[in-house]
Amino acid sequence: MAAAEGGGSGRVGTSAGGGGAESLKDKGNEQFKAGNYLKAAALYTQAIKQDPNNPTLYSNRAAAFLQLVKLSKALADAETTIKLNPQWEKGYFRKGCILEAMEQYDDALVAFQTALEYNSQSTEVARKIKRISQLVRDKKRAEVVEKMRSNVDMARHLDKLKSEMSGKRGSEECWEEMFSFLVETMESAVKSWHETSKVEARVYFLLDKEETDTEKYAPAVNIDKAFESPHTHGSCFSFLRQYAEDSFSKAACLVTPKSIMSYPQVWKGQGSRKWKHGQHDGFFVQFETPFLRKLWFISSSIELGQTLCRDPEDLDISAHELIPRLFKQSDS
């Protein structure tokens with residue numbers, strides 16, 4: 001039996017065969033070319049009944065089923081095509097196209113590579129391999145990005161800080177509470193950025209459960225106007241320092257997007273103040289306690305259409321501080 005060469009997912013093959021089956025196949029091909037895939041599949045089925053060992057008929061019906069999105073039936077016909085003629089690249093090509101439609105890209109790639117082994121001159125198969133290879137890479141990268149977006153673990157990035165805090169603070173309960181407060185604040189900011197591509201400019205306060213008048217003092221203060229000018233910046237800082245003292249706060253965490261900051265533009269400067277973190281969008285986190293101050297920049301990028309926060313970058317707070325020290329300094 002002679003089989004036709006080449007042909008993509010949108011073309012059907014021809015072969016020498018029995019008169020009745022051949023006539024039905026030709027009619028099926030006409031219906032396929034006219035876009036009448038259901039009629040084409042029915043005609044190929046009639047032809048198969050008359051010539052059940054003809055791989056071209058199964059290949060053609062697989063193409064029709066693919067167009068009808070009857071993928072399980074299409075895949076079964078592609079497998080039968082391969083079984084009847086294991087050295088004909090068309091069966092593997094059909095299988096690859098169907099697996100591609102099923103988004104089973106790794107298996108599709110294997111099928112197309114096998115097709116290329118039997119017809120190394122096929123530019124159509126080569127194009128498919130190039131496309132599917134890119135889809136496989138994109139899929140794997142998308143899985144990595146989604147994992148990074150969903151598994152936000154700031155404690156892992158701040159492990160060094162945890163050791164530093166334990167060495168500076170006598171009460172383990174106190175510094176652990178501060179550390180948990182920082183981690184929760186940063187993780188909430190990252191999750192907000194992932195979901196909305198923004199964070200609100202706020203200062204979060206770790207209030208004293210026993211001392212703070214919670215009816216008067218809230219755990220967060222909006223500071224969206226703080227960075228408009230030197231005047232608003234100075235006024236806001238004075239308010240925040242007094243707020244921290246009057247509310248008996250143990251620690252504070254300032255979060256603000258870079259995009260709203262007109263003053264101070266801490267990413268501009270020379271010498272020790274020279275910015276080393278590119279032009280990326282993102283947000284700052286400044287952590288204030290009586291015994292320790294820290295500053296981070298969390299940059300953002302778009303990966304495969306998804307917003308992704310990068311790891312926090314430790315900044316020299318003496319060179320890039322967003323606001324001056326909030327708490328009176330203490331070494332213990």
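Cβ atoms here come from the backbone N, Cα and C positions, even for glycine.
Unlike curated entries, TrEMBL annotations are predicted automatically.
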### Query
Of 1-25, 151-175, which range does TrEMBL call region 'Disordered'?
1-25
#### Entry: Whole-number mean of pLDDT values that fall within the repeat 'TPR' (89-122)
96
### Query
Using DSSP, what's the helix, strand and coil tally for the repeat 'TPR' (89-122)?
27 helix, 0 strand, 7 coil
